[in-house]
Amino acid sequence: MRTLWIVAVLLLGVEGNLWQFEMLIMKIAKTSGFLFYSSYGCYCGWGGHGRPQDATDRCCFVHDCCYGKVTGCNPKTDSYTYSEENGDVVCGGDDPCKKQICECDRVAATCFRDNKDTYDNKYWFYPAKNCQEESEPC
């Protein structure tokens, strides 16, 4: 059900940030965020609680924490600008809030790329009942 909700949001807000996040994941990690990270572990996908299950899930935990620190705009819907310089994604634009959203997404996409070897199919569609431990602080 959570995946259907994400699909609906992505389709409705194609110009918004969730679509851009998907594009950054594809560009940096060379994989689909929607297919591999939209419902993984305790933190990848909508919401998040408990303890991250592995390094991949921790990427999502850190991303959630990063979004939680953004003030003045909506990380899940606001669009941002970025460019590529020498193969690296560089967040830009005049709005510091939107630039911060871009940085959250860039860091998460890089984390996914750097931790591909920790991805474990047993955490794909991981039951929320297994994420009941107390969450660690950001």
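Note: Cβ is positioned from N, Cα and C throughout, glycine not excepted.
Keep in mind that this is a model prediction, so the values were computed, not measured.
Listed in Swiss-Prot for this protein:
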type     : residues                   : note
SIGNAL   : 1-16                       : signal peptide
DISULFID : Cys42-Cys131               : disulfide bond
BINDING  : Tyr43, Gly45, Gly47, Asp64 : Ca(2+) binding site
DISULFID : Cys44-Cys60                : disulfide bond
DISULFID : Cys59-Cys111               : disulfide bond
ACT_SITE : His63                      : active site
DISULFID : Cys65-Cys138               : disulfide bond
DISULFID : Cys66-Cys104               : disulfide bond
DISULFID : Cys73-Cys97                : disulfide bond
DISULFID : Cys91-Cys102               : disulfide bond
ACT_SITE : Asp105                     : active site
About how far apart, in whole Å, are the alpha carbons (Cα) of Cys73 (disulfide bond) and Gly47 (Ca(2+) binding site)?
18
Fewest other Cβ within 10 angstroms of its own Cβ, chosen from the recorded positions Asp64, Asp105:
Asp64
For the recorded Ca(2+) site formed by Tyr43, Gly45, Gly47, Asp64, name the remaining residues of the chain with Cβ within 8 Å of the site's Cβ center, in chain order.
Cys42, Cys44, Trp46, Gly48, His49, Cys60, Phe61
If you measure from the CA of Asp64 (Ca(2+) binding site) out to 10 Å, which disulfide-bonded residues from the list Cys91, Cys104, Cys138 are inside that radius?
Cys104, Cys138
For Cys65 (disulfide bond), identify the closest of the recorded positions Cys42, Tyr43, Gly45, Cys131, judging by Cα separation.
Tyr43
What is the one among the disulfide-bonded residues Cys44, Cys97, Cys131, Cys138 whose Cβ has the most other Cβ atoms less than or equal to 10 Å away?
Cys44
